[in-house]
C-alpha cells in the first residue's frame, strides 16, 4: 500500500515495515519497523502517518521524525484498512468491527458493531464513515457518535473497496459490480464487478438505483473524482463511469493482466496491474497517454498527487514517476 501527501510518500510492506520517502528526491528518510507482521494499509495527513497490520495493531507515527507516537490499544485482531481525517482515525478489522480513535491522544473513542464479517475497507469524509465488508454490505456511520446510519444492501459477494466524495459513495465487490450510492439519501446508484474498499456514515436498508455492469472479472479497486468513477478489474480493463447517470463512458484496454489499483486526479487516471506496468489515461477521452515500465513484479498500489505518481509492487520497490513526462 502506498500514500502521498505533499512531498512525503509512505509505503507499507509485507516485510512488516513502513517507509517514508521524499517525493522529490526519492530518498528514503525513515524505516519504521515496529510492526511484527505484514502492513496491510497506510494513510497520511500532514505530519501524521497511520499504519495497520496483521499483527493486530494500528500505529501512529510522526512523518518528519519517524517517531512512533501511539500504539492504538483495544485492537482485537488483524487490521485490513485504515483512514485518517483531521483528528479522527478509522480502522477496519477482522473481528467485524470498525474502530475510531483520536489521532492526538491515541484514545479509542468508539467501537462500531454491525457487520457480520471482516471489514475490508474504510473511508471517512466529514462526519461520515463508510465501511465495506465480507458480509456483502456497505455501512455508513456517524463519526462523532459512532452510531449506525444506514446499511447499504445490494452486493451479492464481499465488498472489497469503498470511496466517498461529496454525496457519492462508490463500492466494488467480488460480485463483479460497481455500485453508486447517494451519501445523503443513501440511495444506491450502481455496480458491476468485485471491489475491495469504501467509506461513509445509522441503520436503514436502501434502494438500489443503478448497478454498473460491464466487467467480466472481479473488481479490485474503485476511485472517484468529480463526476467520474473509475474501476479496475481482473478482466484486465479499467472502466470509466458517469457518477450521476451510472453510464459507462469508456473501456480502457491495454493491460495484459488484472488491474489491481486505480487512482484519479482531475483529467488523469492511473492504473497498476499484475502485468507489472503502470498506465496513465485521459479521463475524458479514455486515451492511453503513457505506459510506465520498470517494475519486474505485479503493481499492487498506485497514487497520484500533482505531477507525481507513486507505485508499489511485489518486486519490493516503490517507484516515483512524473505524470507529465
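Glycine too: its Cβ is placed from the backbone N, Cα and C atoms.
TrEMBL entries are annotated by machine, without manual review.
Straight from TrEMBL, the features:
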type   : residues : note
REPEAT : 1-31     : repeat 'WD'
REPEAT : 32-71    : repeat 'WD'
REPEAT : 72-111   : repeat 'WD'
REPEAT : 112-151  : repeat 'WD'
REPEAT : 152-185  : repeat 'WD'
REPEAT : 212-251  : repeat 'WD'
REPEAT : 252-291  : repeat 'WD'
REPEAT : 292-325  : repeat 'WD'
Positions whose Cβ lies under 8 angstroms from the repeat 'WD' (292-325), at least six residues beyond its ends: 1-6, 9, 11, 13, 15, 19, 21, 23, 26, 257, 260-265, 268, 270-274, 276-280
Contacting positions for the repeat 'WD' (1-31) when only residues 6+ beyond its ends and CB under 8 Å are counted: 37-46, 49, 51, 53, 55, 59, 61, 63, 65-66, 300-305, 308, 310-312, 316, 318, 320
For the repeat 'WD' (32-71), distant same-chain residues with Cβ under 8 A (at least six beyond the ends): 1-5, 8, 10-20, 77-86, 89, 91, 99, 101, 103, 105-106
Composition by DSSP (helix, strand, coil) of residues within the repeat 'WD' (292-325): 0 helix, 19 strand, 15 coil
